[in-house]
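Asks: I grabbed these lines from TrEMBL:
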- GLU77, ASP120, ILE122, ASP123, ASP250: Mg(2+) binding site (BINDING)
Amino acid sequence: SKAMSGSPAVVMRLVASAYAVAEKAGTIVRKVLHSGELGIVEKTGANDLQTLADRLAQQSICASLSKRFPKITIIGEEDLPSEEIQEDLIETGQSEEILQRSCPPEYSQLKEEEIVVWVDPIDGTKEYTEGLLDNVTVLIGIAYGGRAIAGVINQPFYNYKLGAGTQLGRTMWGMLGLGAFGFQLQEVPGDRRIVTTTRSHSNKLVTDCVDSMEPHEVVRVGGAGNKIIQLVEGKASAYVFASPGCKKWDTCAPEAILHAVGGKLTDMHGNAYRYDANVKHMNSAGVLATLRNHEYYVSRVPQSVLQALKSD
């Protein structure tokens, strides 16, 4: 339903902008890689990196969205000095296709100041620096009332192995009450349990929890966004990460897309995470996400994990 003036609801304009902004960020991420000057700095150690691409992509996303939606709260992963943003980092475009859609009635009256945007300019920075490019995503999650209600995921290097002449990159988006778009929804066939889990942040608790799911197969890849893409494209049945380490900007956008197609993302206890502006950033009770059969996976979480990881 369009607002009285005939213009789309604020949240639809925001999602339409986030789509264009995510594509712009994807272009920045490709350009930096192509330049060969990644500008890597360690934040807390060798597994926690920041590159020039993280910095530029976040500046581009945050400056572009706050210019058009000044009252929205935007929380980005990188701690950056507030500085004058280069004009060529500002994206003013919007997805026409999204602007045309009817806003779900429950969100049609949302005001800017009620919305929180969680931004991960590069999810999978370590993989980015190592050339595992299909693991890399740009995440823009949109939350209202503490819930992830919409999200945009850009995969800057989608199709990169196909070589010259291929369209590089893609953008997926979803919204509760509308569905999810930009990919083909698929499920893992029949009774197979394929668990996807962390590539670089493993320990005994993490592996014990994966084993307790009795998977037929375990897939270790980088990036939370990437793992959720595996769930909705039928490459994994569950994403199991029994550890703190994931943050709200890692899960907000992917959770919205997953929930929009009937999936579920919770902590290890089966409790939802909240995305209000004032929550702590760490998902300290781990991440458990599925497209189907969430209860089965929750029921298999070992007691040791439940004791080690307290819900907020």
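The first residue you see is number 1, and the count goes up from there.
Glycine is no exception: its Cβ is also placed from the backbone N, Cα and C atoms.
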Asks: Within 10 Å of the Cβ of ILE122 (Mg(2+) binding site), how many other Cβ atoms can you find? Include all protein chains, please.
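Replies: Looking across every protein chain shown, the total is 31.
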Asks: Any idea which of the binding-site residues GLU77, ASP120, ASP123, ASP250 has the thinnest Cβ neighbourhood at 10 Å?
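Replies: If we count Cβ atoms within 10 Å for the binding-site residues GLU77, ASP120, ASP123, ASP250, the smallest count is at GLU77.
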Asks: For the Mg(2+) site (GLU77, ASP120, ILE122, ASP123, ASP250), what does the 8 A shell look like? I mean other same-chain residues with CB within 8 A of the CB centroid.
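Replies: Other same-chain residues near the Mg(2+) site: VAL119, PRO121, GLY124, THR125, THR137, VAL138, LEU139, GLY223, ALA224, GLY225, LYS247, TRP249.
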